[in-house]
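Visitor: Among the features that TrEMBL reports, AMP binding site is placed at Thr32, Arg37, His58, Leu59, Val60, Gly86, Tyr87, Pro88, Arg89, Gln93, Arg134, Arg146. As annotated by TrEMBL, ATP binding site applies to Arg128, Gly174. What TrEMBL lists as region 'NMP' is 31-60.
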Amino acid sequence: MEILILFGAPFSGKGTQGEILAQKTGYLHVSTGDILRTQRKMHTSLGLKAESYIRQGHLVPDDLLDELIEDEIIKCKKGKGIILDGYPRTINQAYTLHLLAQKHGVAIRRVLFLDVPHEVLIARGIHRGKTSDRIDDKDPDVMNKRIEIYHSETKPVGKYYVDRNLSVTISGIGEVEEVAERILASI
């Protein structure tokens, strides 16, 4: 089994492209955001812990996500692979993922960085906020906070993977299908 990581700012298209990539490759799309939203709706301990961070636009603490990701790796171990969307978001999570991959005998094949200009991210966020039921998509201040946190805490993770020659940058601009074709060509 192998791991593909979709990496990019909020509103860069990770979720959409993760679903398409899963259909085309037979890999399982694992979105930490989707899992946490489900956990919140079910009022689980994990969901309740995560909710206060998400409402403020903050990252969910590493220890909560690390355990969740290890569970997903174990569940998917016999499959072709998994597409991670929303993890890792910190350098510590990247280190942990490396250790988890070694522990479970899986390879991190590629990190797919979706590059989208700031003004396009904002426009996409505003559009999604009009139709989404996600609490973190409704408030422009939270939206901007999420993008700021991406630049300060998550973007350095990209360098971690560039230094390991695992990262490829893909333009996230254009029609959904065009971006998907660029992603598929890069793996």
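The backbone N, Cα and C atoms fix where each Cβ goes, and this holds for glycine too.
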Visitor: Within a 10 Å radius around the Cβ, which one of these binding-site residues has the most neighbouring Cβ atoms: His58, Arg89, Arg128?
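Guide: That would be Arg89, with the highest Cβ count within 10 Å.
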Visitor: Just counting, how many other CB atoms are there within 10 A of the CB of Gly174 (ATP binding site)?
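Guide: By my count, 12.
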Visitor: When you scan the chain for residues with a C-beta under 8 Å from the region 'NMP' (31-60), skipping those not six or more beyond its ends, what do you find?
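Guide: Same-chain contacts beyond the flanks: 14-15, 18, 68-69, 72, 84-87, 89-90, 134-136, 139, 141-143, 145-146, 149, 153-154.
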Visitor: Would you mind reading off the Cα separation of Val60 (AMP binding site) from Arg128 (ATP binding site), to the nearest angstrom?
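Guide: Distance between the two Cα atoms comes out at 21 Å.
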Visitor: Determine, to the nearest whole angstrom, how far the Cα atom of Tyr87 (AMP binding site) is from the Cα atom of Arg128 (ATP binding site).
Guide: 21
Visitor: Taking the Cα atoms as reference points, how far is His58 (AMP binding site) from Arg128 (ATP binding site) in Å?
Guide: 19
Visitor: Treating G and I as helix alongside H, and B as strand alongside E, what does DSSP give for the region 'NMP' (31-60) in helix, strand and coil?
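Guide: Here the numbers are 21 helix, 1 strand, 8 coil.
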